[in-house]
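If you check Swiss-Prot, you get these features:
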- CYS71, CYS73, CYS86, CYS89: Zn(2+) 1 binding site (BINDING)
- ASP461, ASP463, ASP465: Mg(2+) binding site (BINDING)
- CYS815, CYS889, CYS896, CYS899: Zn(2+) 2 binding site (BINDING)
- 1388-1430: region 'Disordered' (REGION)
- 1392-1405: compositional bias 'Low complexity' (COMPBIAS)
Amino acid sequence: MRDLLNLFKQPGAQLEDFDAIRIGLASPEMIRSWSYGEVKKPETINYRTFKPERDGLFCAKIFGPVKDYECLCGKYKRLKHRGVVCEKCGVEVTVAKVRRERMGHIDLASPVAHIWFLKSLPSRIGLLLDMTLRDVERVLYFEAYIVIEPGMTPLEQGQLLTDEQYLEAVEEHGDEFDARMGAEAVLEILKGMDLEAEARRLRDDIEATGSESKIKRLSKRLKLLEAFLESGNKPEWLIMTVLPVLPPDLRPLVPLDGGRFATSDLNDLYRRVINRNNRLKRLLELAAPDIIVRNEKRMLQESVDALLDNGRRGRAITGTNKRPLKSLADMIKGKQGRFRQNLLGKRVDYSGRSVIVVGPTLRLHQCGLPKRMALELFKPFIFSKLQRRGLATTIKAAKKMVERETGEVWDILDEVIREHPVLLNRAPTLHRLGIQAFEPVLIEGKAIQLHPLVCTAYNADFDGDQMAVHVPLSLEAQLESRAMMMSTNNILSPASGEPIIVPSQDVVLGIYYMTRERVNARGEGMRLAGVEEVHRAYQTGAAELGARVEVRIRERVFDDSGEMVERVQRRQTTIGRALLFDIVPDGLPFEAVDRELDKKGVSGLVNACYRRVGLKGTVVFADQLMYTGFFYSTKAGVSIGVDDMEVPTDKEEALRSAEEEVREIEDQYASGLVTSGERYNKVVDIWAHTNDQVAGAMMEKMGKETVVDAEGNETEQKSLNSIFIMADSGARGSAAQIRQLAGMRGLMAKPDGSIIETPITANFREGLNVLQYFISTHGARKGLADTALKTANSGYLTRRLVDVSQDLVVTEEDCGTTDGLVQTPIIEGGDVVETLAERVLGRVVAEDVAVPGSTDIAVEAGTLLDEDWVERLERMGVDEIKVRSAVTCETRHGVCAKCYGRDLARGHGVNIGEAVGVIAAQSIGEPGTQLTMRTFHIGGAASRAAAVSQVEVRNTGKARLHNIKTVQHHSGSYVAVSRSGELTVMDEYGRERERYKIPYGAVLSVGDEDPVEAGQVVANWDPHTHPIVTEVDGYVRFHDFVEGVTVQREVDEVTGLSSLVVTDPKSRGTGEHKRQVTNANGKVTEERVAYKDLRPMIKLVDGDGNDLNIAGTQIPAHYYLPAGAIVSLEDNAEVRVGDALARIPQEASKTRDITGGLPRVADLFEARKPKEPAILAEASGTVGFGKETKGKQRLIITKADGETHEELIPKWRNVTVFEGEHVEKGETIADGEPNPHDILRLLGVTKLAEYIVQEIQDVFRLQGVGINDKHIEVIVRQMLRKTIVSDPGDSLHLKGEQVDRAKLLEENEQLQAQDKQPAQWEPSLLGITKASLSTESFISAASFQETTRVLTEAATRGIRDDLRGLKENVIVGRLIPAGTGFAYHAARRQEAPAPAATPEQQAEEVFASLGQGEGEGPSPSDEASGPEVE
């Protein structure tokens, strides 16, 4: 009974169940109500007796006893005196644990501003007072007076006065007015503020003013005032008059041996505050001179600043060893802070770690656990079993037995472990497959055995990797481990839906070796009655694995109706394939293995098995496949010898001809036909091409061998060269690596990524000379340095992604939207990169799909497309489908199952409660790390593709030109003069087969709708320069060409040929150029132009010198030249349509690996504006050009209704539209990388989603990483959570305010229900960091980044956190509202009992201690009526 009573007395026990957490400002009364007494002295403990000093920082009277149930002087000991307060030492007799929760306080002799609300930008105190931070600081740190009450004087409230001004005012007005300095002055002003009147005034001001910047400034202040009004915070609480003292056990003082003490930095900081506070009290009692008191007050302010946030203002206070002391703010922020170190990641009991070794004999669901480790991990289970068996009477006896390791202990360990899964984890855990459950198998030794097939998921290898083992203790945990985390349940990768339990290396090699066919092998032509005979023939040596034989095969497959039927047929196959078919499960046809299986094939086999046979069969099959693969790769006896690296005979020839070509280009350069940049590009191209040629010849030679068949004729077959079969099977190595061994090492990159133009012509077999070796190490070092940096970058990207998407969970079945994204196949050049089937697999159709060419419906809306469906659609020739997407889902919180589609890791529709946000973040983040760790595998060899310079059609069909504008050259061909043009090739059904971008200046040999043949070259261009093409005949006139200033004449020393190169305006120096200007009356005047404002341009004039216009328009034919353009024409030269006036050299391409890729992905997700963004048309209409300003041209778009839209574009931007051309809203006007914010504004959400998905997929595709589009869409959805209010209507928002989408929609529904005007809004795109920081949950945001800023803002606004996301729930120590926790939270919400009826006085105590005022009672929360925690 006593225990029961005691529960009420313990302050931490009342609140287990709460629904929300609110953060706010603490009033002085509230701080006093938390406190158990005032700390008056800076002493800590007595150094002789080790007892805490009375009234000191560790005082037992205030904070509670040091030992359980024992007062300090020792008068009361034992449990029976519980609750007694000792009259001698004043200590309450209770548990010592209260020293972790009892707080004290310090009464400050002078008020002090809280540094967070002063210095955390924007300064809240400054904003409330409408003063600049600098001014507020001058008042607080006693450099200026502030007028509090002007009285009848001409001074204004809030005016600052220096010492001199103050003395003058006192002389003039006496004590008519009140002006003071320091925090008390600010406190007085804040106390006297009438927030409501101020807010009304601001609203009127906002309506009255028209200036954008003023509105922005006023609404910032208005928002803060309203936050104060709503939250019940009072402005004067920003200034502290009482300082709370942290419980002593949270800032411990630990005696070290040798009589010294280790202490928390906080004690030093508190001591400082107390010392200064006491000194100030004394000075005030003594009525010391003003200047001394002022100085002391300032020092008090500084010491409190240091305690709260050391180093935020001025120099940080340092301890003895020159290291800044850790203040309260440092305790919670950063990687080592409370949030990330202790709340989000904890150390786990019942765990161990050890090195891993390979366990090739294990089954897929097993792992080998060392006996000693298991004994230690399962101790409590063993103890209880020993006791239950009566083998040990007490726990102590059981412990002894276990330590002696008697025989019974091992038997019991076997029992305990049976069917008790353990979790294995390998750091870094980049995705959810980094922790999986296995059944332990006890083994001797000290290393953990791991099944080879799960290595891919863990990214583990056996070169010394370590793994951790964890034991799930509770029944629920064991159940979850078995049902969801077992390795056998994780066969498919959540990122792409492909199998991840896929054989690699030896296994692939063995299976490839089995399924290879050999000409004239022993036993060729045998006829065998069944697989048993095949076994016999192979084992007796009558036949070899690759021999072609005829076998009677008995297969069991599913027929069309889905029934299992048996078929027996005679098949021509090889011994190896028949043997392999023996382990294939029922339901897979013999065709599945009747081919040469490389890594892709084996992966496809596992996938097909999963789809046809299901999970269980696949698991068994995967194991069998592994055992078989290991067996036959051992049998194959593959080994590498130096002779296997066959250097092709025609390598010498290829090198010689390449050197010839290079010499020729050097000659051209010498004769001035090409520039230095072009020469470099061409040389690099030649070598890249040669390298491919040599590699091709080498693979040709290695991959074929000549053999004699049974008839005695010579035939060629695939070779059995060891290196070749390793690469060909996909077991290890790649063509690129073999090329370096036996071909030529090729071009290498410098550390800055540029390619060294002299390649390494030797290979590793021939060996490198010193120079070649140096060049090769040069690039390789960069690879290693990159790896270290990229790993960190990638980890940070993953962290940001998880943070932005962590609260996205599937919360309902169907949101009922018909919106979605239109999917089409992705075609790059002549290749279909991703078919429509691959893109829509596992998605839900948004609108009925019609059969092409008819009105019949092929698929109804709402169908989840599985493999069978997409195959059917492929056969029908459907080329676009609108599917549901997370981006367009209308669920308020979370996303619905229909919009998400298939759960990729399970292969069926997604379950409610699945944490799709985190899965998406992991799927995108994990390959980032993988790829970055993989940059150096090719050893810095520059993998640069030879530049494309022509379009060669692959399929016969019809050419179609899309937005290409051409002019006819006098030679008869067409020249493209538009930029975003594309040429597509259609097959006879009108389906698009190929798509090519046609650059400006390309020469086309076909027109629109012309027939083309496969292999025909339809367009070609110079890849290294960008021409400026004339569209009229005429004569060239140079304008603003000033040699030595705007253009440099470059004369080639060898040839004497000269060309003009336009200089960069930034590097022109200062000076002025005089130029003649003819005005309208024909009068010639002279004007002076600064060098940097000169704009070199080529005008075209007719024979009489009049300006020519571009055909069919009123635009003069003026061509501005950008910096770097090369002009080879002379003034007054004659040009014809389609001629090039100038060439702009293109940059040499740097090697693109994901290093270019990772920052690119980060830029896209952060929604950063590109350096030179493309300029998009703001409206649809006809283009015109208006009056130009000095550096800009004015582009005018006239809409169909006659409205015009103007835009100023810098003249140096290459405008791609011409006068009179029609543009659509959102079309590109000036080249560049599109700005995602523009795409969203002009083209809408779906186009934005398509753009981001496309760009990110391009980066990953380049690296051969498959990620499903839906993961990227999920992140995009999270980036679009916020909206900008464009018209507030009758809502309380301000124009331009950023509001959460779900919140705004809910408010609008309420407004419409009351027949009021809802707020109008536009979607807003936030980068992932910004989006994470602006989430509804302050706990989640604070634990992510910028903790101080987030908490400061949350506290002033008095925000409640409804604990919706996963992160908040982990931090407060609950199950997450996803997965199995989803049901728990739903049940909690329904039960939510009314607060227990305790006697009135106790309830009051509870709420008083919570600081909600006397018995206000709980404020009702959204979903339930549990009290809030403050």
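Glycine is treated like the rest: Cβ placed from N, Cα and C.
This view paints the features noted in Swiss-Prot onto the structure.
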residue : record                : CB count, 10 Å
CYS71   : Zn(2+) 1 binding site : 25
CYS73   : Zn(2+) 1 binding site : 14
CYS86   : Zn(2+) 1 binding site : 20
CYS89   : Zn(2+) 1 binding site : 17
ASP461  : Mg(2+) binding site   : 11
ASP463  : Mg(2+) binding site   : 5
ASP465  : Mg(2+) binding site   : 16
CYS815  : Zn(2+) 2 binding site : 19
CYS896  : Zn(2+) 2 binding site : 22
CYS899  : Zn(2+) 2 binding site : 30
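Comparing Cα positions, CYS815 (Zn(2+) 2 binding site) lies closest to ASP461 out of the binding-site residues CYS86, CYS89, ASP461. Packing around CYS889 (Zn(2+) 2 binding site) is summarised by its Cβ count: 25 other Cβ atoms lie within 10 angstroms of its Cβ, all protein chains included. CYS889 (Zn(2+) 2 binding site) sits 41 Å from ASP461 (Mg(2+) binding site), taking the Cα positions as reference. Taking the Cα atom of each, CYS899 (Zn(2+) 2 binding site) and ASP461 (Mg(2+) binding site) are about 38 angstrom apart. Closest to CYS89 (Zn(2+) 1 binding site) by Cα-Cα distance, out of the binding-site residues ASP461, ASP463, ASP465, CYS896, is ASP465. Under the DSSP three-state reduction, CYS73 (Zn(2+) 1 binding site) is assigned to coil, being neither helix nor strand. Taking the C-alpha atom of ASP465 (Mg(2+) binding site) as reference, the shortest distance to any of the binding-site residues CYS71, CYS73, CYS86, CYS896 belongs to CYS896. Checked against ASP463 (Mg(2+) binding site), the binding-site residues CYS73, CYS86, CYS896 differ in C-alpha distance, with CYS896 being the nearest. Excluding CYS71, CYS73, CYS86, CYS89, which define the Zn(2+) 1 site, the same chain contributes ALA60, LEU72, GLY74, LYS75, TYR76, LYS88, GLY90, VAL91 within 8 Å (Cβ to the Cβ centroid), listed in sequence order. Cα distances from CYS896 (Zn(2+) 2 binding site) to the binding-site residues CYS71, CYS73, CYS86 are smallest for CYS71. Separating the Cα atoms of CYS86 (Zn(2+) 1 binding site) and ASP461 (Mg(2+) binding site) is a whole-number distance of 64 Å. Summary of the Mg(2+) site environment: with the site residues ASP461, ASP463, ASP465 set aside, the chain residues having Cβ atoms within 8 Å of the Cβ mean position are ILE356, ALA460, PHE462, GLY464. Same-chain residues that are not part of CYS815, CYS889, CYS896, CYS899 yet have a Cβ within 8 Å of the Cβ center of the Zn(2+) 2 site turn out to be GLU812, ASP814, THR817, ARG884, ALA886, THR888, GLU890, THR891, VAL895, ALA897, LYS898, TYR900. Under the DSSP three-state reduction, CYS896 (Zn(2+) 2 binding site) is assigned to strand.
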